[in-house]
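Engineer: I grabbed these lines from Swiss-Prot:
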COMPBIAS  52-65  compositional bias 'Basic and acidic residues'
REGION    52-488  region 'Disordered'
COMPBIAS  75-90  compositional bias 'Basic and acidic residues'
COMPBIAS  102-134  compositional bias 'Basic and acidic residues'
COMPBIAS  150-184  compositional bias 'Low complexity'
COMPBIAS  185-194  compositional bias 'Basic and acidic residues'
COMPBIAS  276-291  compositional bias 'Low complexity'
COMPBIAS  306-327  compositional bias 'Basic and acidic residues'
COMPBIAS  348-370  compositional bias 'Low complexity'
COMPBIAS  380-398  compositional bias 'Low complexity'
COMPBIAS  419-429  compositional bias 'Gly residues'
COMPBIAS  461-471  compositional bias 'Basic and acidic residues'
COMPBIAS  473-482  compositional bias 'Basic residues'
DOMAIN    578-745  domain 'tr-type G'
BINDING   587-594, 633-637, 687-690  GTP binding site
REGION    587-594  region 'G1'
REGION    612-616  region 'G2'
REGION    633-636  region 'G3'
REGION    687-690  region 'G4'
């Protein structure tokens, strides 16, 4: 340690924290410190101390947060209660002044009571959101003394014009004799409601008029109706619940002066109609029908002349649709004889806003009210003249805005043949609806071909109510005809400008959803460089771009595997347990990775590998004195790049093995890059320290150039010097791994569905598809359903790395799983799911997507791909291959290595590749495509061999990857094996033979021509016939070994495994020269 650096353990002791806590702080600050002996730069110390102190202060502050939340909740309640007490006297005082305008009183009572008019139609989602807070009891509040005249408020509804269908009574402002002082909102199931969107009632106060109150009629108190805001409703309810004495007195006064007509609109709640109410409605409807057929007078009282009728609101309270004196008036039932509107008859001389309507005029049935904004109680049109009536008011009011709300288009019509109260009935059933029969045809003419038509069906949420459907036709004759509602042709509203797309959508379907013509979308696609037809499928990304051009949003619908595979919530800290570290051993080929693992496992894996090199990725669970460790052994050969990358991605720690006598090699650099890309910490093990030429300093120097600086040199990379052969330094290496794992705090939740990655996959002849799975979280049990890549399955059996059968596997446990539907790709994520149906659904969805991606790649034709397909016949030399390997990872490595061998003159085309034994279908495929079958660690059956001979298919077998690559290179040189040429060197004549014990016969020769070399091949000729062909074992001149003997000299020559040498034989020397066929 230098003067300007401090060790981690010393700083931890100084700050009074554990090394583990300090390690976490350093990790958050991106200060590299792997062990407690790591050093920290002096300039970093102030920042670290500030961070540790800030964390202590932050922990102290967090402890008080829950109390603050609780206290805030109490303050809200107190404030609401105080506000309620303060408002009651003000409201009474305000109500005592009759000349004060109602808007001012409403603002003084509670300013949020007056809501802004809604500018756009509400969706059902908005209605539900508004409806939810109304489930709590809502207390009615009296804001004036009973002896004062009631302020008259204008009610603007956000609902369509109603039929006399059953409707939920609003919450009463006054309390009936049988009810409690404040009536709460009933549950939805108990309300006889029309099946329509629930909308909040919004009240706009109007100017009071003393003349509006008739003599002899005591009016009930009228309440300013609050908008249905959840926060305000809850606050008011809390304030009343706290016990407001003044409110209690007002409620008692209210009980004495009960008026059955006065109701307070609070909110309309949708529910199914009550069967008892429906039966009563049907009876009343039949009576009304009989009266209408008889042409009788419709009771209800004659409207006084010139009565003041502020729009929608009568003096004395609110009159919802279908509500008449005496309570609920369902479905066109007659009003009791002599009945009157709740607010009383209109006195003479009253003012009705609007221009005077001509005497005797009437508003024909079915005439739509003009769209537009009505403000301030103004009613366009004219007051109905004396004795006038509105016959057959069955036309729906078109969509239009009134202040305080809106009336959606297509609302239910008013009951046919029902004149306004005070009017006189016309013909039975009223006058027929002009144009009612032709509205459907008219709306069809208005439809534009390129615009979306929105039809609100009769049985939909805005059509006939449920009790209308139960009643059936409403009459006979012309009245019996079904109501024909116009189909509104309109572009989608802004809130509805969304199209729903699955993984892909056709151009025609997209045009239909957007209300456009298909050629408009095709025009945009052409501008994007996509040649599309009306039936072309667009992926979701392209559809999003196209929809954006027209101002639409894309909503992805359909099956989503994320709903099943993505964890719903994070694991709670108390559910996490410590898991063993996953350590990947990486390095260059022949640097001793597997031998080092053998020494740790005390086994012999290397002996089982062909050629002594690792060609699979192996997972091993090792129990050491320092705890359990999971090792992944990766291949070092250059062809296994993908395997090394995969090993780095699913590991916690990488041990980089470098031979002390060899130094840093190409695959060593690649392993370092893979580990850095995966963000995995690296520990270096310098192996082969027992060799004479070991030079660990050279390794440290070369690795420092790659960014791995040893701790001895002031860096943070841990170096361990080991020898797999002598087991030197293994305990130190295991201890360093255990310390590093402790710093990383590796934890996982074992009590959840298993999730992991496939390390290796293969096809076993007896057990079917197998995969080595490293479980990373959860516990995998026998019988669990799972999905992996495009395959689903159920765990039939599990085996550990020793081949023993196990029932379950926890986090950081490698197991071999049996039960796949096919051979999965190595590196795929393995996820356990609830049942087989979900697994199969996800697998099928992935398979369809994969096929679509493959088809999309094939359909894309560029200039380069087009020209590459038109090579000349002389140059179009292609080597077709069918690759079969034992495991999926090896197949991937071989495929990649073989593809790299392609040159401009010879292309390699892999017709098919798969894991498992060579089958009959492989032979037939190779025969049809003139391909060579390459088998790696697999063998065919005798039947398959016979078929191969019949089909003249060449099968090559390999067990070492670099031999496979070399032979393919040779085959590419001339589409055949390398050419070997024999070169003549010289001749020697045998003049004498000598028999040497333990060696054999030695020929004494004289070189007659050329020369004879020691490594040359020889051919023994006797009377011109070749008797022996072999090699020279010894070549001596006198007693000295020589490399060659020139012409004219004598020598002694021994032949390999041949002693029948006779005087007079001729020995011809030659050598074989390999020459690759030129292309």
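Every residue gets a Cβ built from N, Cα and C, even glycine.
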Engineer: Count up the helix, strand and coil residues in the region 'G1' (587-594) according to DSSP, in that order.
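Structural biologist: For the region 'G1' (587-594), the helix, strand and coil counts are 2 helix, 1 strand, 5 coil.
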Engineer: So what's near the region 'G4' (687-690) in sequence-distant terms, Cβ-Cβ under 8 Å and 6+ beyond its ends?
Structural biologist: 591-592, 595-596, 657-662, 696, 721-726, 728-729
Engineer: Please report the number of other Cβ atoms within 10 Å of the Cβ of residue 590 (GTP binding site).
Structural biologist: 17
Engineer: Using DSSP, break the region 'G4' (687-690) down into helix, strand and coil residues and give each count.
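Structural biologist: With helix first, then strand, then coil, the region 'G4' (687-690) has 0 helix, 1 strand, 3 coil.
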Engineer: Could you work out which of the binding-site residues (587, 634, 689) has its C-beta surrounded by the smallest number of other C-beta atoms within 10 A?
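Structural biologist: Fewest other Cβ atoms within 10 Å, among the binding-site residues 587, 634, 689, is found for 689.
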Engineer: Per DSSP, how many helix, strand and coil residues does the compositional bias 'Low complexity' (276-291) have?
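Structural biologist: So the counts come to 16 helix, 0 strand, 0 coil.
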Engineer: Can you count the other CB atoms that lie within 10 A of the CB of residue 593 (GTP binding site)?
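Structural biologist: Around the Cβ of residue 593 (GTP binding site), 30 other Cβ atoms lie within 10 Å.
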